[in-house]
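As written in TrEMBL, here are the features:
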- 1-31: signal peptide (SIGNAL)
- C302-C397: disulfide bond (DISULFID)
- H333: active site, proton acceptor (ACT_SITE)
- D334, V337, G354, D356, S358, E370: Ca(2+) 1 binding site (BINDING)
- C335-C355: disulfide bond (DISULFID)
- C403-C596: disulfide bond (DISULFID)
- P445: substrate binding site (BINDING)
- H475: heme b binding site (BINDING)
- T476, D520, T523, D528: Ca(2+) 2 binding site (BINDING)
- C482-C507: disulfide bond (DISULFID)
Amino acid sequence: MASLNSSPWIPANIRICLALLFMLLIEISTAHELSPTFYATSCPRALSTIKSAVRSAVAKEARMGAFLLRLHFHDCFVNARIISCADIIAVAARDSVVALGGPTWIVQLGRRDSTTASILAANDSLPSPALSLSGLISAFSTKDFTAKEMVALSGSQTIGKARCSSFRDRLYNETIIDSKFAKKLKRKCPSSGSGTALSPLDKKSPKAFDNSYYKNLLRQKGLLHSEQQLFSDGSTDFQVIAYSNNAGSFRTDFAEAMVKMGNLSPLTGTSGQIRTNSLLFMLLVEISTAHELSPAFYATSCPRALSTIKSAVRSAVAREARMGASLLRLHFHDCFVNAITKIKVDYTLVPYVGCDASILLDDTSSFTGEKKAGPNNNSVRGFEVIDNIKKQLESLCPGIVSCADIVAVAARDSVVALGGPTWNVQLGRRDSTTASKEAATSNLPPPTLDLNGLISAFSNKGFTAKEMVALSGSHTIGQARCSSFQGRLNNEKTIDSKFAKSLKSKCSSGGSGTALSPLDVRTPTAFDNSYYKNLLSQKGLLHSDQQLFSKGSTDSQVIAYSNNVGSFRTDFANAMVKMGNLSPLTGTSGQIRTNCRKVN
């Protein structure tokens, strides 16, 4: 075929126009050459690094998932002269939604970063919470989204929070708002003031990515003016109703709209740059590194580590069966405490507390540790067993095995010693150099929590309600002090009368509260599913135990585990692996203590 330039039948001016058009088409095509496998060869661990970091961040603070999703939306929606939707932000947004129970989607990759930014473009492009329905439709239409896609993307407001200043006018000036809902919000958002107080965008399930947002709108409980506009006798009412009735449809449409949003005019090829000094990237890499654990971590450096721990635990449990429960509880109380990660001025991360043996540290002049925190004081035990194991391992392989890993393995071996399931313990944790009484006090769930409080406490650590019920099954072994269940005996009706009477005989209202009773009255030293059977008979020892079966959302799961011990064992083991991965220190963070009770 003859070339364009050599075709005599095409006039020269037309040839020039066609050539320019052809070059333009190539440029436009190249600018959108994104691919889900863009980093498959050049950086094969990119997606797993981002996923691990996002999971960790969301586990520490569920609200972070909404932050990262919003960051992606605001980045892509701004349309200035040069636009960049950074791949890290795009993937982090997707992984945040997944971490909070939402749908997944394939993220197209290969974007490059802009070399400029515009506050004017951000102010002009991002939809305001004060927009009317027609304004919302117009704002999204400008970015080539249909009204249906706009309603789907608005569903992202099922997670996250908003400042009082963004919904104050709605509270005091609008009529299409549920009166009780408005009254409750006004308590924390007065008509004047700073307007910095926060309220969840979805009051029903603020940390779960579901379709409750649309159900709220049907009841006139949209937090923002722009949200309620989606259901206000307008053209989008039917779509809100559809999503409120069909979570699957919402998940599918949201995922498709997110893919479309991620393709809003990205820079590719040689446009823009790949920034090398991104604080976000350094943060993701550092957090990811903190999760490089392996069951074979000591295979070469200390091959007898696991057998040494196993032998010591078996001996301790044989002497006192209760020690198995104590060592399991020690691991739980160590991992569940999670203080906020700090970032120094030089961008060095200083994480502390969380599966890092901080619970083993004695108080010093510089900090008050976790041992004296309310949930632990005169309650957590097993320290001498850990000391004995550490002493043996220091003789075998000095300075190699961390106290944090000893606690994690001892917990698993304790469960096995009492007839429970086993699991692969990920190893390679390092020990903290500090501890926090305040963090232990505020993070550990008390036995007085109701069901919603339990779900919230575990959700804050990234656990589902099902995983919470499974982990609660650890109460099939161990004992509790009278002081932790006395209130239940004297004030509650959801307790078997004969069971309560037998407990009162050893737990008088005027006593010291130190008397002990087994958490599982049926088989107190066997790791089985009797705990759940007790709950069905209203024989849960603690208030928080019985809340799992109290005509609430977890009743069905309690029944399932009471009928299927195999299902409980599997789910418990999986949840324990997940708990063991809560913010461990690895690499060069922390240290390997030679004495678990004090910093080197």
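Note that the numbers count up from 1, one per residue, in the order the chain is shown.
Quick reminder: no glycine exception, Cβ is built from N, Cα and C everywhere.
The shown structure was predicted, so the numbers you read here are calculated from the model rather than taken from an experiment.
All features noted in TrEMBL, drawn onto the structure.
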residue	record	CB count, 10 Å
C302	disulfide bond	18
H333	active site, proton acceptor	22
D334	Ca(2+) 1 binding site	30
V337	Ca(2+) 1 binding site	30
C355	disulfide bond	27
D356	Ca(2+) 1 binding site	32
S358	Ca(2+) 1 binding site	30
C403	disulfide bond	30
H475	heme b binding site	25
T476	Ca(2+) 2 binding site	29
**Request:** Measuring C-alpha to C-alpha, could you say which of the recorded positions C302, C397, H475, C596 are within 10 Å of H333 (active site, proton acceptor)?
**Result:** none
**Message:** Validating a neighbour-count step here. Other CB atoms within 10 A of the CB of D528 (Ca(2+) 2 binding site): how many?
**Reply:** 19
**Message:** Distance check, please: Cα of D334 (Ca(2+) 1 binding site) against Cα of C355 (disulfide bond), rounded to an integer number of angstrom.
**Reply:** 5
**Residue among recorded positions G354, D356, C403 with Cα closest to the Cα of P445 (substrate binding site)** = G354
**Proximal residue to G354 (Ca(2+) 1 binding site) among recorded positions C397, H475, T523 (C-alpha distance)** = H475
**Distance [Cα-Cα, Å, rounded] between C507 (disulfide bond) and D520 (Ca(2+) 2 binding site)** = 16
**Request:** Starting from the Ca(2+) 2 site formed by T476, D520, T523, D528, give every other residue of that chain whose CB sits within 8 Å of the mean position of their CB atoms, in sequence order.
**Result:** I477, R522, P524, A526, F527, N529, S530, Y531
**Prompt:** Roughly how many angstrom lie between the C-alpha atoms of C302 (disulfide bond) and V337 (Ca(2+) 1 binding site)?
**Reply:** 28
**Message:** When you rank C335, E370, C397, H475 by Cα distance to D520 (Ca(2+) 2 binding site), which of the recorded positions ends up on top as the closest?
**Reply:** H475
**Complete:** Fewest C-beta neighbours within 10 angstroms among the disulfide-bonded residues C397, C507 belongs to C397
**Spatial neighbours of D356 (Ca(2+) 1 binding site) among the recorded positions C403, H475, D528 [C-alpha, 10 Å]** = C403
**Request:** In whole Å, note down how far the CA of H475 (heme b binding site) lies from the CA of C482 (disulfide bond).
**Result:** 15
